[in-house]
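S.K.: My structure is below; once you've seen it, I'll send some questions.
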Amino acid sequence: MKKVFDFFNKTEELTASSLLIITSLLVFIQVLLRYMFNYSIAWSEEAARYMIAWFIFLGSSMAVKDNAHVNMDALSNLIKGKVNQAISIVIDLINIAFCIVIIMAGLKMVQSAMDLGTTATSISLPLYIPYASVPVGVFFMLIRYIFSIANKTIELVNGKEVRE
């Protein structure tokens with residue numbers, strides 16, 4: 001199981017990094033061409049926008065893995081020990097519920113784009129592809145929250161920690 005998650009982590013990091021690098025280069029080239037040569041690549045802004053969407057949702061999953069999402073820690077600073085761990089599990093359960101709602105809404109959005117056959121204006125990309133960034137990225141977040149709960153529960157029950 002560890003090998004599967006290592007592969008998943010590396011693939012996710014490589015994909016997100018590649019998207020960020022390609023988007024940055026594309027925007028940089030677009031700015032250079034526009035201001036130095038008065039020329040514009042018609043599809044670059046739209047492509048960058050869709051790549052950023054994918055990057056954001058993949059990055060959100062990576063942030064769950066690293067416990068890097070913004071949170072309020074006033075309560076956890078006051079409460080220590082097993083009660084704090086239990087509260088952390090409840091918070092992860094709430095996050096799972098939120099993920100399920102977002103996945104369902106994202107799937108409806110993707111299905112709607114597929115049914116209508118809509119495409120992006122300048123790159124003729126079917127819009128369900130960029131829209132799929134929402135359910136895919138949030139599904140990855142969901143998986144990470146499930147493993148976070150498993151780790152925290154094992155740690156709470158017998159003090160042993162299991163990492164993905």
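Positions of Cβ are set from backbone N, Cα and C atoms, glycine also.
Grabbed the feature section from TrEMBL, which reads as follows:
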| type | residues | note |
| --- | --- | --- |
| DOMAIN | 25-151 | domain 'Tripartite ATP-independent periplasmic transporters DctQ component' |
| TRANSMEM | 20-41 | transmembrane segment |
| TRANSMEM | 47-65 | transmembrane segment |
| TRANSMEM | 86-107 | transmembrane segment |
| TRANSMEM | 127-147 | transmembrane segment |
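Help me picture these features in the structure, burial and contacts included.
M.R.: Non-local neighbours of the transmembrane segment (47-65) in the same chain are 9, 12-13, 15-16, 19-20, 22-23, 26-27, 30, 95, 120, 123, 125, 129-130, 133-134, 136-138, 140-141, 143-145, 148, 164; each lies 6+ residues outside the stretch with a CB under 8 Å from one of its CB atoms.
Away from its own ends, the transmembrane segment (86-107) comes close to residues 64, 71, 75-76, 79, 131-132, 134-135, 138-139, 141-142, 145-146, 148-149, 152-153, 156 of its chain (Cβ-Cβ under 8 Å, at least six residues beyond either end).
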S.K.: For a three-state summary based on DSSP, what are the helix, strand and coil counts in the domain 'Tripartite ATP-independent periplasmic transporters DctQ component' (25-151)?
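M.R.: Result for the domain 'Tripartite ATP-independent periplasmic transporters DctQ component' (25-151), in helix, strand, coil order: 98 helix, 2 strand, 27 coil.
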